[in-house]
Amino acid sequence: MNPDKQYDTLNYTYLYTTTMDLNITTVYNESIEKLQTESVDLHKLYVNIYTIVVPIIAVVGLFGNTASIAVFTSSFLKRHSSSVFLAALAFVDNLFLLTLFLTWFDQTASNILSTTIPCQIVVYVTYFAAFLSVWLVVGFTTERYLAICHPLRAPMLCSNRRQKIAVTCLTIFAAVFYNFAIWTTEAVQYGPRKWCLTINDYYEFLQIVTWIDTIISMVLPFVCIAFMNCRVICKAAIFHKKRQHCYKPTDSMKVKRNKHLTNKSQMRVTRTLLIVSTLFLVLNFPSHLARIYNIIVAPVSKEKYEKFLQQICQLLYYSTFSVNFFVYALYGKHFQKSFWLMIRSFKQFFGCRTEHRFPVEKSTKITLTGMRSNTYRWSSDLDISRC
């Protein structure tokens, strides 16, 4: 009997199940043949969804994240707070999406991960990128939390230099901690082709590591992001309530003290980053539950729809690596301006120019009311070359 292949990209291991391993029971007085057919049909449905959705997520995400990197590193936004975290997040997300696309290509088109070294590299990068992605979200969420809830400490703790140090420390930790992915994985011949598999001798070790990884890359950051987002939302709500009912002098002083709450631009930044981190929680939560359930319950429970639902949750998890660009583009006005300026500069670089008019002379006169009035004479020499 040919095995059906089930793939878990988060742990980047290939799991094999035969149709007899799928929920072959008579709980509802159904025949064994019918249950087998339903399980196989669900698996085929997921394979079809996976084949279509994964390349879309990967390609769209790679484009969006690359554009985000360019905006956060080459425009005036590079001087803004959180830009270091956001640029690093886009780069790390691209690493994950690249490995995701390679695994998809390996499964659907050509067996490119047929040797041990490429297999080990992809496994390692997957672990590395997934860990860094979640903790970079914690990083910019912490920056917003300090700016809103502790405005006096924020200028000292949230400088670009400290952000770079934090990103470097996280990178070093991830690079060292996840090195086990290299020496516990190998390419193994299974049937007509080779697959990336974990070495059986390290099974007990990997069980312990999986629990540690679950805590440091799922439970702990999830709690931190949820707590800080709630605090920021509550602080902003209290501030605006006091601003509307500002009767006491003490309240008036509190309202004026926090520039991150009084400045509309800063509030827009806060709103955008809140949406990014909240969307991260929403899309990751089903996958987190499925992974914890799989660790605790799955060894003794095999419902026929469980694996299918876990795989759908996994697709939602993949989407977290490709949606940030759209949040920036929809809700970040500064990001929108920087992105379109970048597009225009590319057009000019490739010989595409738009019309420009420049003031060449300025004259000032005093009106009858004593007001100063400025008059500009515009150049008649227009650059009208177009693509």
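Yeah, the Cβs are placed from backbone N, Cα and C, and that goes for glycine too.
Here the structure is a predicted model, which means the values were calculated and not measured.
As recorded in TrEMBL:
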TRANSMEM  49-72  transmembrane segment
DOMAIN    64-328  domain 'G-protein coupled receptors family 1 profile'
TRANSMEM  84-105  transmembrane segment
TRANSMEM  125-145  transmembrane segment
TRANSMEM  165-185  transmembrane segment
TRANSMEM  205-234  transmembrane segment
TRANSMEM  273-296  transmembrane segment
TRANSMEM  308-331  transmembrane segment
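Counting C-beta pairs under 8 angstroms (sequence separation of 6 or more), the transmembrane segment (308-331) fails to reach the transmembrane segment (165-185), with fewer than 3 such pairs.
Nonlocal intrachain contacts for the transmembrane segment (125-145), taken as residues 6+ away from its ends with a CB within less than 8 angstroms of a stretch CB, comprise 9-10, 12, 81-82, 85-86, 88-89, 92-93, 95-96, 98-100, 154, 158, 163, 166-167, 170-171, 174-175, 177-178, 181, 213, 216-218, 221, 224-225, 228-229, 231-232, 269-270, 273-274, 276-277, 280, 284, 320-321.
In the predicted model, the domain 'G-protein coupled receptors family 1 profile' (64-328) shows an average pLDDT of 83. With Cβ pairs under 8 Å as the measure, the transmembrane segment (205-234) is packed most heavily against 273-296, out of 49-72, 84-105, 165-185, 273-296.
Tertiary neighbourhood of the transmembrane segment (49-72): same-chain residues 78, 83, 86-87, 90-91, 93-94, 97-98, 100-101, 104, 108, 311-312, 315, 318-319, 321-326, 328, 335, 338-339, 342, selected by CB-CB distance under 8 Å and a gap of 6+ residues from either end. Only residues 6 or more beyond the boundaries of the transmembrane segment (273-296), in the same chain, are considered here, and those with a CB under 8 A from a CB of the stretch are 10, 82, 134, 137, 140-141, 144, 210-211, 214, 218-219, 222, 225-226, 229, 232-233, 309-310, 313-314, 316-317, 319-320, 323-324, 327-328, 331. Below 8 angstroms of C-beta separation, residues 12-13, 84-85, 88, 116, 119-121, 123-124, 126-128, 131-132, 135-136, 139, 196-199, 202, 205-206, 209 of the same chain, each at least six residues beyond the ends of the transmembrane segment (165-185), sit close to that stretch.
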